[in-house]
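Undergrad: Pasting the relevant annotations from TrEMBL:
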- 30-473: domain 'Major facilitator superfamily (MFS) profile' (DOMAIN)
- 20-43: transmembrane segment (TRANSMEM)
- 78-102: transmembrane segment (TRANSMEM)
- 109-126: transmembrane segment (TRANSMEM)
- 138-158: transmembrane segment (TRANSMEM)
- 170-189: transmembrane segment (TRANSMEM)
- 201-222: transmembrane segment (TRANSMEM)
- 287-307: transmembrane segment (TRANSMEM)
- 322-345: transmembrane segment (TRANSMEM)
- 352-371: transmembrane segment (TRANSMEM)
- 383-407: transmembrane segment (TRANSMEM)
- 419-442: transmembrane segment (TRANSMEM)
- 448-469: transmembrane segment (TRANSMEM)
Amino acid sequence: MLKKSNVTATDKASNVSTSLPITGCLLSAAFFGSLGSSFLYGYNLSVVNAPALYIKEFNNKTWIERYGEPIGAETATLLWSITVSIFAIGGVLGALSVSLIIKVLGRKGTLLVNNIFALIAALLLTLGERAKSFEMLIIGRLVIGVDSGIALSALPMYLGEISPKHIRGFIGQFNSILICLGVFTGQVLGLPELLGQESRWNYLFTFLALPAVLQMCVLPFLPESPRYLLMERRDEAGAERAFQRFLGKTDVSQELEEVHAEARAQENLHTVSVLQLLRNPAVRWQLITIIITMACYQLCGLNAIWYYTNGILREAGFPDNILPYITLSTGIIETLAAIVSGLVIERIGRRPLLIFGFSAMAVFFSLLTLCLNLQDRTTWMPYLSYVCILVVIASFCSGPGGIPFILTGELFEQSYRPAAFMIAGVVNWLSNFAVGLLFPFIQEALQSFAFLVFVVVCTLGAIYLYFVLPETKNKTFMDISQSFAKINKIPLPSPAQEMELVTVSQSTMAPMESSKRISSTIY
């Protein structure tokens with residue numbers, strides 16, 4: 001009878017939580033947290049495309065002024081490659097440092113301090129032309145890479161910890177939506193009528209300061225992660241106030257007890273190191289899943305799509321002067337697909353969206369390969385190729401584009417989370433760098449068959465997720481960890497152990513309730 005009443009109480013609590021409205025405080029934290037973080041990452045993915053020719057001309061002109069002769073072809077290519085790819089190196093450095101920064105400053109504090117890197121980068125990239133220094137451009141790209149590396153770890157962690165479990169996926173998708181919006185904004189501002197001109201291209205980088213400043217103006221007035229406050233700072237009063245603001249209700253005892261239960265279930269409440277995480281068999285398959293999912297996120301071929309888009313459009317007969325406007329359609333599709341994914345993720349779930357996304361990408365990469373090889377046969381084939389590109393982009397943003405970051409926060413409990421995000425971030429950025437470095441050689445060797453490499457990656461990723469990944473929708477972090485217990489060969493607690501945990505819970509809650517009554521009497 002006792003077991004039955006506990007289940008009923010849990011079900012009632014779950015039903016109450018799912019009926020709670022989304023508060024303005026929670027939406028503000030999700031939007032402004034993402035605006036100064038993932039938006040800047042997306043913006044920096046696309047912002048260098050429009051001024052590429054002008055930056056190369058600037059490098060050549062600066063070289064002539066310094067050394068009295070034009071820059072060599074190989075040196076020019078090397079200089080441009082470094083300017084573009086060093087963004088990923090900065091990302092690795094940011095991902096490696098995020099665990100330490102978060103431990104000292106917390107989730108919100110890390111996001112706020114990270115804006116300093118964005119402001120420094122904006123200054124270096126804007127003034128590089130005036131100072132006649134291509135070194136400033138390279139250092140600026142490195143610094144904004146550090147900003148993005150920190151942001152893509154700290155932001156998903158913050159969003160996952162402040163969200164109720166019934167909308168954790170929806171709030172987490174703000175990360176993906178703002179990445180896509182950043183890419184699209186970079187495309188729009190890079191149009192010739194706006195900042196994509198020789199006299200204005202440096203102002204494209206000045207824009208980096210605006211989202212950072214907006215985040216610095218709003219985020220200080222929003223709460224820190226209540227899970228961080230309670231489990232790592234031992235600030236129960238602060239955690240209670242944070243939960244109350246994020247959830248929009250006074251009684252948050254249910255949420256506080258959930259965090260206490262997670263704390264009791266962990267052997268070590270202190271933040272574990274990367275080495276300790278790698279050695280722990282209890283989280284082995286969670287870690288393998290995150291590494292594979294994050295690697296597939298970068299190696300699935302979306303970044304390589306941009307190499308072919310303009311060429312396919314030219315083959316279709318579109319003049320060069322209207323290509324930037326047609327390319328905007330990719331940014332629009334990307335943003336819309338991310339928004340739709342955010343709206344349906346709590347109904348469909350993470351697992352189906354991920355598997356569908358990778359599977360659809362494999363299908364349409366195969367179809368794109370076929371179209372590219374038949375492109376000269378008929379006049380309408382290039383148009384079909386372009387449709388395949390749009391569908392590949394939509395498939396990516398429907399799941400693989402944002403859910404890997406959500407999963408990294410969901411598959412690990414509090415003490416493992418910083419180290420897990422550090423590993424996931426390093427895998428993400430190294431994979432990004434590998435695609436940028438290796439794809440030109442793959443393209444040269446395989447020509448139009450290059451996309452078959454990504455068909456293999458997407459197919460293997462979908463198969464792995466189908467057999468290994470459990471659904472995490474509307475589950476607590478403890479429930480998700482227990483989902484991996486069997487595959488990790490970790491025995492689940494016996495009924496006697498569960499009863500002992502309940503007894504401990506009641507004994508620890510009694511002094512807390514007593515202190516609350518004393519506190520309320522005093523004040």
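Cβ coordinates come from backbone N, Cα and C, glycine included.
Predicted, not measured: the structure shown is a model, and the values here were computed from it.
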Undergrad: Within the same chain, where does the transmembrane segment (322-345) have neighbours whose Cβ lies under 8 angstroms from its own Cβ atoms, ignoring anything closer than 6 residues to its ends? I mean 6 or more beyond.
TA: 46, 50, 169-170, 173-174, 176-177, 179-181, 183-184, 187-188, 190-192, 196, 305, 309-310, 313-314, 353, 389-390, 393-399, 401-403, 473
Undergrad: Could you tell me the mean pLDDT the prediction assigns to the domain 'Major facilitator superfamily (MFS) profile' (30-473)?
TA: 89
Undergrad: Check the transmembrane segment (352-371) against the transmembrane segment (448-469) for contact, please; criterion is three or more CB pairs under 8 Å, pairs 6 or more apart in sequence.
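TA: When sequence-distant Cβ pairs are counted, the transmembrane segment (448-469) touches the transmembrane segment (352-371), since at least 3 lie under 8 Å.
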Undergrad: Near the transmembrane segment (448-469), which same-chain residues lie under 8 Å Cβ to Cβ, leaving out any that are not at least 6 residues past its ends?
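TA: Non-local partners: 285, 288-289, 292-293, 296, 299-301, 304, 350-351, 354-355, 358-359, 361-362, 365-366, 368-369, 372-373, 400, 407, 439, 442, 487.
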Undergrad: Pairs of Cβ atoms less than 8 Å apart decide it: which stretch in 20-43, 78-102, 201-222, 287-307 has the most with the transmembrane segment (170-189)?
TA: 20-43
Undergrad: So what's near the transmembrane segment (20-43) in sequence-distant terms, Cβ-Cβ under 8 Å and 6+ beyond its ends?
TA: 108, 111, 114-115, 118, 144, 147-148, 151-152, 154-155, 158-159, 162-164, 167, 171, 174-186, 207-208, 211-212, 214-216, 218-219, 222-223, 245-249
Undergrad: Do any residues, 6 or more residues outside the transmembrane segment (419-442), come within under 8 Å Cβ-to-Cβ of it, and if so which ones?
TA: 84-85, 88-89, 91-92, 94-96, 98-99, 149, 152-154, 156-157, 271-274, 276-278, 283, 286-287, 290-291, 294-295, 297-299, 303-304, 307, 404-405, 408-409, 411-412, 450, 453
Undergrad: Counting Cβ pairs under 8 Å that sit 6 or more residues apart, are there three or more between the transmembrane segment (201-222) and the transmembrane segment (109-126)?
TA: yes
Undergrad: Under 8 angstroms, Cβ to Cβ: which one of 78-102, 109-126, 138-158, 383-407 has the largest number of such pairs with the transmembrane segment (287-307)?
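TA: Top-ranked stretch among 78-102, 109-126, 138-158, 383-407: 383-407.
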Undergrad: Against which stretches of its own chain does the transmembrane segment (109-126) lie, if we need a Cβ under 8 Å and a gap of at least six residues from its ends?
TA: 33, 36-37, 40, 94, 98, 101-102, 136-137, 139-141, 143-144, 146-147, 150-151, 154-155, 158, 202-203, 205-209, 211-213, 215-216, 219-220, 224
